[in-house]
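These features come from TrEMBL:
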- His105: active site, proton acceptor (ACT_SITE)
- Asn135: Mg(2+) binding site (BINDING)
- 41-230: domain 'ENPP1-3/EXOG-like endonuclease/phosphodiesterase' (DOMAIN)
- 43-230: domain 'DNA/RNA non-specific endonuclease/pyrophosphatase/phosphodiesterase' (DOMAIN)
- 1-17: signal peptide (SIGNAL)
Amino acid sequence: MRFLIAVLLACTSPAVAANCPDFSPGGQLPTQSNAGPVLCSQFYAAQQSLNDREPLWSAEHLTEEGVEQAQAMTGRAPFYPDTRLPAGQRAELDDYRRSGWSRGHLTPSGDTPDRASRIQTFALSNIVPQNARMNSGPWDKIERAVRNLATQDGELYVVTGPAFKEDLGTIGSDHIQVPSSIWKAIYDPADGAVAVVVCKNQATPSCGQVPFDVLVRVVGIDPFPGVSAKEKSKRVTVKGWPD
């Protein structure tokens, strides 16, 4: 019963909360024109595409203390539709059933420092269709490498999102668009530098790092509008990421 109550509370939190800017450097969240609302949860913020019924990006602020708390936790939570969005403008559980695609987190559940935050990452507003082998293989290693760097350097700002350069179709009656690739960008305040990795959303994924300006040009999103151009031109080394 306590678990059910926690899920219900997670579903009814406000659509935009005052702590949303805490997830981005300078308090400036990524934005994309002609997009839907930014949904703010306890640990992350995510902007929605109401047309495609999925997130365009999800932003989080990782700290050394938070990662240590996350690593001490165990357990998962059930996925659930985000009722902060009206029916018809959100993904539903049935969209993913027998679709052949995994439910892939943008902000990972493994980053969250407490139970309530972990539950909220299972909202479908933080989920995109992802190849299962990619999700449990190279993408999992990329997420672990980010946590390791946050522990090493003290804090990181992280934004993760889908890209749609190839048409992989849709899933479910709500026509959730399948991303052709998934990207993750980090900003390391200790180094004053950024890094971006992109993986193709397929069973044998190819992953590689790209310059920050290339990501912005391709997806039309600046993950860190509050970071200077000088810092965006510098690349931080992430041990465990592909070259």
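Glycine residues also receive a Cβ, built from the backbone N, Cα and C atoms like all the rest.
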Chain-internal residues, separated by at least six, CB under 8 A from Asn135 (Mg(2+) binding site)
Ser102, Gly104
Taking the Cβ of His105 (active site, proton acceptor) as centre, how many other Cβ atoms lie within 10 Å?
23
Averaging the per-residue pLDDT over the domain 'DNA/RNA non-specific endonuclease/pyrophosphatase/phosphodiesterase' (43-230), what integer do you get?
97
